[in-house]
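See structure below.
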Amino acid sequence: MPFHIGSGCLPATISNRRIYRIAWSDTPPEMSSWEKMKEFFCSTHQTEALECIWTICHPPAGTTREDVINRFELLRTLAYAGWEESIHSGQHGENYFCILDEDSQEILSVTLDDAGNYTVNCQGYSETHRLTLDTAQGEEGTGHAEGASGTFRTSFLPATTAPQTPAEYDAVWSAWRRAAPAEESRGRAAVVQKMRACLNNGNAVLNVGESGLTTLPDCLPAHITTLVIPDNNLTSLPALPPELRTLEVSGNQLTSLPVLPPGLLELSIFSNPLTHLPALPSGLCKLWIFGNQLTSLPVLPPGLQELSVSDNQLASLPALPSELCKLWAYNNQLTSLPMLPSGLQELSVSDNQLASLPTLPSELYKLWAYNNRLTSLPALPSGLKELIVSGNRLTSLPVLPSELKELMVSGNRLTSLPMLPSGLLSLSVYRNQLTRLPESLIHLSSETTVNLEGNPLSERTLQALREITSAPGYSGPIIRFDMAGASAPRETRALHLAAADWLVPAREGEPAPADRWHMFGQEDNADAFSLFLDRLSETENFIKDAGFKAQISSWLAQLAEDEALRANTFAMATEATSSCEDRVTFFLHQMKNVQLVHNAEKGQYDNDLAALVATGREMFRLGKLEQIAREKVRTLALVDEIEVWLAYQNKLKKSLGLTSVTSEMRFFDVSGVTVTDLQDAELQVKAAEKSEFREWILQWGPLHRVLERKAPERVNALREKQISDYEETYRMLSDTELRPSGLVGNTDAERTIGARAMESAKKTFLDGLRPLVEEMLGSYLNVQWRRN
C-alpha cells in the first residue's frame, strides 16, 4: 500500500475528530505506526505528537537535517518520562532517526544520505523523497556532490515557504531555542512554550515579556492579532504576522521597525532607542511611540485618533489628521504646533519650547502645557476642564471657562487673577507675583483647595483672608499660604563662607575646618545649601537655643565625611528657603531624619541594636505625627501646612523623644494647632507604637540592611525563597484565574496578578524574618512608655 501523500500541509491544529477521520481513511501506514506508539504520550500531547509523525512521514518544502532532528526531539519532549528513550536520532550515524517499540523493534525510521534522499520506513513500507541542495534562494540542485557545501531541502515547494503545521513551527522554534547563549536559554525555552500554547490553543494574543531575549525566532504564529513584547533586549524584530492588529514593544533596544502589517490598528513602541518609523498603515487608529529618540515622524494615517510622541527629540510635528482626538507630545523640542484638528479633546505639550499656542479647538477639555515659554494664552474653549500651564512666562490669563475644574498656573509672572469659575476644585498659583485676590476666590466650594504659597500677598489681603475664613459658618475653600509671605531674593554666598560661620574655629597650626568646603562648593545644589545655612541663622532656634550652633557644627562635620549623605542633603535644600523661617526649620528636621536613616543603613548601629531600635521608634513616631498633621490640615480653611507639621513636631519633641527636632518655631500661634490637639496626638502616637511598632520595624529598610550584614546566610535564604514564592504564586494565579478567563497575554491582568503575587511573597518573607528579628532585637522591642 503506498503512503497517503498529499500536499504536505496540515492545518495549524488538528481536532480529535480529524485524527480519527485520518486514521480510518484507508489507514495509511503512519497511522498503523501511531497505534503502536500513541501510548508513549499523554492524551493532551497526542494531537501534537500525531501532527509531528505526519510531518515526518510527509516532509514539507524546505526540510533540512536540523528540522528532522527538531521533530524527533519534539517527540521526545512530548513523551512520558521513560518512553523518550525509545525515540532516537543518530543511532546508526548522524543521518539515521528512528522510533522503537517496547521490544526495541523499529516502528518508524528516517534515513538521509549524501545524494539528497530522505527515506521513510514505516511498517514494511518505504517512501523516498528527493531533497535538493539550497545553494541560493529559490535555486534547486539535483544532488550533493562530494565536498559541496549547503543544506539539503525537500524540493516540492520553494524553500522560503512559511511554516504551515505545528511541527514546522516547532522545528524553527526549537532550533532558535538551542542556539541561545547560556544566559538566555531559560528565557527562550519559556517563550517557545508560550508560542506552542498560543498555536495549539488558537490564542490570538502572544505576550513574550521580561524573558531576557536578544532575538525572536524568524517566524511567529501567523494567526495572532496581538503581539506584546515588553522589557527584553531586542535590537530588531522579525517579519510580523500578516493578521496583526495590535503591536506593543516596550523597554527594548530597537532602533528601527520592520514593514508593518497593512491591517495594523494599534502600534505602541515606547522606551526604545528608536530613531525613525516605517510607513504607517492607512487604517492605524492608535500610535503610541513615547520614550524613544525620534527626530521626525512620517505622514500620519487619515483615521488616526490617538497620537503619543512624548519623550522624544521632535522639533516639529507633521500635519495632524482630522480624526485625531488625543495628542500627547510633552518633553520634546517643539517650538510651534501645526493647526489643531477641530475634534481634538486632549492636548499635552508640556516641557517643550513653545512661545505660543495655535487656536484651540472647541471640543478641547484638557490642556497641559507647563514648562514652556508661553507669554499669553489664546481664547479658551467653553468646555475646558483642566488647564495646566505652570512654569511659563504668563503675566495674565484670559477669561476662564465656566466648566473649568482644575487650574494650575504656578511659576509664572501673574500679578492678578480673573474671575474664578464657581465649580473650580483645584487652584494652584504658587510662586507668582500676586498681591491681591479676586473676591470670587472665597465663594469657591469647601471641597476646593487653593495654593497661594510664594506670592507677596499684602498684609491687608492676608488680614482679610484671616477674618473671612475664621468667621462662624465659613464654608469656602481650603487656602494654603505663607505666613510671612514670599521671601525676597537674596545674594548667595560661597558655600565655604556660609559653613565657616557655623564651624568651630581651628586651633593654632591646624587647617581651618571650612577649607575643605571650598571643593564642596562645586557640587550639585551647593548654592542652595549655602543659602539654607544663612537662613538657619535667622531662625528662632539660633536666637533662643544656646546649643543650636554646636549641633549644626557637628552635623556639618558628618556631612563633610560622607559624600552620599551630603548629596542628598544638598538636594533637599533646594525647596527649603522659598518662604518663612519656619520652613527652613522644618527642612532641617527632614535633613536630620535622612541622616538618622543613612547612619543606620551604613552600619553605625550594627553593634548597638538598642540605638537602632531607638532610631526606628523615632521614625515611626514622626510618621504618625505627619499623618495626624495631614488630618488637621483638612480641617483648616486658611492654613500654612509647614506651620501645622512643625507645630506637632516642635511641641511634642520632649514627650515623644524626638532627637532630630529643634525646640523653637516662630508662628505656632497661627498654626491652628491647639493644646487639645497636641494632647490627643501624643496619646495616638503612643497607642499606635504600642500596638503597631513590632510589625512596622519588620518592614523597615535600615533594619534589613543590618540583618543582611549580621546574618547574611539566613537573610539570603529568605530572599531566594521570596523570589521562588513569587514565581510559584504567579504561575498558580495565571493557571487558575487568567487561563480560564482567556486573559493570558493581557498586560493589565498580568500586572494585577503580579502585584498580588509580589504582596504574597513579601508577606511570607516578613513572616520568615520575624523569628530572626525577635532573636536579635529581643527585649529592645518591649520598651514601654514611662508613666508621667
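Cβ atoms are placed via backbone N, Cα and C, with glycine included.
Residues annotated as active site, glycyl thioester intermediate in Swiss-Prot, with sequence analysis given as evidence: Cys580.
Positions annotated as region 'Interaction with host membrane and with target proteins' by Swiss-Prot, on the basis of a curator's inference: 1-481.
According to Swiss-Prot, the feature region 'Linker' maps to 482-491.
Long-range contacts of the repeat 'LRR 1' (223-242) within the same chain: residues 12, 198-199, 202-217, 248-261, 263, 745, 747, each at least 6 residues beyond the stretch ends and with a Cβ under 8 Å from a Cβ of the stretch. Marked as repeat 'LRR 1' by Swiss-Prot: 223-242.
The average pLDDT for the repeat 'LRR 2' (243-264) in the predicted structure is 92. According to Swiss-Prot, the feature repeat 'LRR 2' maps to 243-264.
Per Swiss-Prot, repeat 'LRR 3' is recorded for 265-282.
If you look up Swiss-Prot, you'll see 283-302 marked as repeat 'LRR 4'.
The repeat 'LRR 5' annotation in Swiss-Prot covers 303-324.
Below 8 angstroms of C-beta separation, residues 290, 305-319, 348-364, 368 of the same chain, each at least six residues beyond the ends of the repeat 'LRR 6' (325-342), sit close to that stretch. Feature annotation from Swiss-Prot assigns repeat 'LRR 6' to 325-342.
The repeat 'LRR 7' annotation in Swiss-Prot covers 343-364. Helix, strand and coil residue tallies for the repeat 'LRR 7' (343-364), in that order: 0 helix, 3 strand, 19 coil [DSSP].
Within the chain carrying the repeat 'LRR 8' (365-382), a Cβ under 8 angstroms from the stretch's Cβ atoms is held by residues 330, 345-359, 388-404, 408, all 6 or more beyond its ends. Among the features that Swiss-Prot reports, repeat 'LRR 8' is placed at 365-382.
Counting same-chain residues at least six beyond the ends of the repeat 'LRR 9' (383-404), those with a Cβ under 8 angstroms from any Cβ of the stretch are 350, 360, 362-377, 410-424, 428, 430. Residues or ranges marked as repeat 'LRR 9' in Swiss-Prot: 383-404.
The feature repeat 'LRR 10' is assigned by Swiss-Prot to 405-422.
Taken from Swiss-Prot, the feature repeat 'LRR 11' applies to 423-445.
Here the repeat 'LRR 12' (446-466) has Cβ contacts under 8 Å with residues 410, 424-437, 475-482, 485-486, 578-579, 638, 640 of the same chain, all six or more residues outside its ends. The repeat 'LRR 12' annotation in Swiss-Prot covers 446-466.
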Long-range Cβ neighbours of the repeat 'LRR 10' (405-422) (under 8 Å; 6 or more residues past either end): 370, 385-399, 428-438, 440-441, 443-445, 451, 454
Beyond the flanks of the repeat 'LRR 4' (283-302) by at least 6 residues, Cβ under 8 Å: 262-277, 308-323, 328
